[in-house]
2 protein chains.
Amino acid sequence: MSIPGQFTLHTTDGQARRATLTTAHGEIQTPIFMPVGTQGTVKSLSPLDLEEMNAQIILGNTYHLYLRPGDELVARRGGLHRFANWKRPILTDSGGFQVFSLQSIRKLSEEGVEFRSYIDGSKHFFSPEKAIDIQKNLGSDIMMVLDECVGYGADREYTEKSLEMTTRWAERCRTHHPRGTNGQIMFGIVQGGFFKDLREKSLDQLRGIDFEGFAIGGLSVGESTKEMYDILHHITPLMPADKPRYLMGVGTPLDILEGVAAGVDMFDCVLPSRNARNGTLFTSQGKVNIKRAEFAEDDSPLDPECGCYTCRNFTKAYLRHLYMAKELLSYRLNTYHNLYFYLDMMKQVRASIENGSFAELKRRFEAAYATE
Amino acid sequence: MSIPGQFTLHTTDGQARRATLTTAHGEIQTPIFMPVGTQGTVKSLSPLDLEEMNAQIILGNTYHLYLRPGDELVARRGGLHRFANWKRPILTDSGGFQVFSLQSIRKLSEEGVEFRSYIDGSKHFFSPEKAIDIQKNLGSDIMMVLDECVGYGADREYTEKSLEMTTRWAERCRTHHPRGTNGQIMFGIVQGGFFKDLREKSLDQLRGIDFEGFAIGGLSVGESTKEMYDILHHITPLMPADKPRYLMGVGTPLDILEGVAAGVDMFDCVLPSRNARNGTLFTSQGKVNIKRAEFAEDDSPLDPECGCYTCRNFTKAYLRHLYMAKELLSYRLNTYHNLYFYLDMMKQVRASIENGSFAELKRRFEAAYATE
């Protein structure tokens, strides 16, 4: 019998890994991309849409759900799965990233972080324990520890002190929710900014805590692609091989493939859904900006190689019209396509690792996205 | 073999009629409600959604589609059906109502109406012939003549002059597109404001023109329900019994049932879709304002008697959360429900006419919506 947190490595292709992670709501096949459902909904899509496109797991944002509708209200509804009618696994972040990135932070101390609500300006406090309590109320399958996400450009001294506090917070989270409790598993988060030795230090400290998986935080915060890939390739191979590795908040198709190449198993990012709403669409031929005038009379599908509802039923001319008219259906059809594209890419990634052709697949996407 | 415009009356229950209208894209069973797809999309819904809820015909707005993306562009795409991937019938209005109601009118003359675009302020001109040419480019199954929609409170003299011009415009439309051309049928529009004898005069004049159906225009323009019903019950029974009768832009569930009781066959209105986006939902128990605090922890479905995707899968608590968070899925799930409710009501109406229980059905809805 498989238990939540069980991680089975099936095969590798270079550093790329093909594995299965068990959660309380079923298994997920990795490498995997997790669509972001910030407020208990992947914007514009229904749970049925997500099932159709074979989304195996979605992400919920602790910060947003805590503020609205409130984690206790969600708990009284039986948790986020029942509330949002989503039957597959859910990962929740700790709220840390939003607190730091939305610049709503008021006071940071060893105890935790005080911040203001982006909705009404009211004052709130997240301790590591509180962040876990909220995630327990939400009932996610995978919980993340509270961490400080250091911004790009932070100096070595600040970064080192911060990662050490993040380690102490991680310990408090694990103590507050011991392994094996309630089916909810917990991942630690490696910080350390853009200092390789500090990344190693963070990882070494976190290894001593009994987490079911490890994430890489603090990337995609303003650095160059080269800097990101540098850290990624340095730290990922050092992470425990027998546990899932999650690269948080990343990224473009090429970033994700680079992550897979470095040995990452899990990804999430708002990019495909947010870009969809801005009319930027990912296709097998590269990015398409649907608002461009050249598409006004283009009767071809967005991506001839794509089997999604959008590509099977509508032309670029119609998609452009919907976008220009700011129609609600535009957000929906575009989001459907972009997430389908990402999930289909991951399916190809998994197949390619299985048959040893991942490098070839990666080169194909790099050719399509060479102009980026 | 049935030809577009063929109208077969099956049975009546009082004045209420159960009939079939043939169009170039298939038959529609009446009484019917037509969801409004202003810009070539029923806001937030996919064609698949509309097929699922058994929408038999949708409406497109000539004014909007002429301005964006342009009727000639649509014609080059093979018409609105192909452009929007909608395989069932489409009715287009003439653009007249929007020109007059959006207060973009600049100059009205016997020749036609000059107006400014609501998008960029550019100047445009609709003659009766132009309004038909646009609808021919759109390729709708049912075209409407260009009419002047007189506002509420217009005096007798203005109303009479206006309806006479509307008649002359109607003649020009029919002359421009003779019966039997291209599978597209055409309805005349009875005007005459709130003067019963002027309504009769308008109808008498239009009867002399060979239309496939007749509409009642100029209602739901600010008058009381009593005034609307007064005109409705006066003019509808005088309309040709062997042709479809269409009440334009009306209305609430009770308005529609009143229309059916008066002998109307076809309805359209933005009310269910627009109200949905504002959080006002129609149910078998009456209207529900989903933003009310009382629903924050309500785990029951919106309408326990409804079989739609929204009611089968989500609670009022979740729908309220989506609404409060202004999530795109809120507009979609609410619109789906409201249109499903309207279409299901019409299905019940058709069945009740068939078995002689329409009056009973009407009383049941009146009880549920008594507080309005």
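Using the three backbone atoms N, Cα and C, a Cβ is placed for every residue, glycine included.
Annotated features in TrEMBL:
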- B:15-370: domain 'tRNA-guanine(15) transglycosylase-like' (DOMAIN)
- B:ASP93, B:SER94, B:GLY95, B:GLY96, B:PHE97, B:ASP147, B:GLN191, B:GLY218: substrate binding site (BINDING)
- B:ASP93: active site, proton acceptor (ACT_SITE)
- B:249-255: region 'RNA binding' (REGION)
- B:ASP268: active site, nucleophile (ACT_SITE)
Neighbour tally for B:GLY218 (substrate binding site), based on other Cβ positions within 10 Å of its Cβ:
31
Averaged over the region 'RNA binding' (B:249-255), what pLDDT does the prediction give?
97
Should anything in the same chain at least six residues away from the region 'RNA binding' (B:249-255) have a Cβ under 8 Å from its Cβ atoms, list it; otherwise answer none.
97, 217, 219-220, 225, 228, 267-271, 282, 342, 345, 365-366, 369, 372
Where B:GLY95 (substrate binding site) and the residue listed as 'active site, nucleophile' are concerned, what is their Cα separation in Å, rounded?
15
Please report the Cα separation of B:SER94 (substrate binding site) and B:ASP268 (active site, nucleophile) in Å, rounded to an integer.
14
Measuring Cα to Cα, how far is B:PHE97 (substrate binding site) from B:ASP268 (active site, nucleophile) in Å?
13
Round to a whole number and give the Cα-to-Cα distance in Å for the pair B:GLN191 (substrate binding site) and the residue listed as 'active site, nucleophile'.
17
With substrate as the bound species and B:ASP93, B:SER94, B:GLY95, B:GLY96, B:PHE97, B:ASP147, B:GLN191, B:GLY218 as its recorded binding residues, calculate the greatest Cα-Cα distance and give it in Å as a whole number.
15
Sorry to bug you, but what's the C-alpha spacing from B:ASP268 (active site, nucleophile) to B:GLY218 (substrate binding site), rounded to the closest Å?
13
Which chain-mates of B:ASP268 (active site, nucleophile) that are at least 6 residues away have a CB under 8 A from its CB, listed by sequence?
B:PHE33, B:MET34, B:PRO35, B:VAL36, B:LEU59, B:LEU91, B:TYR246, B:MET248, B:GLY249
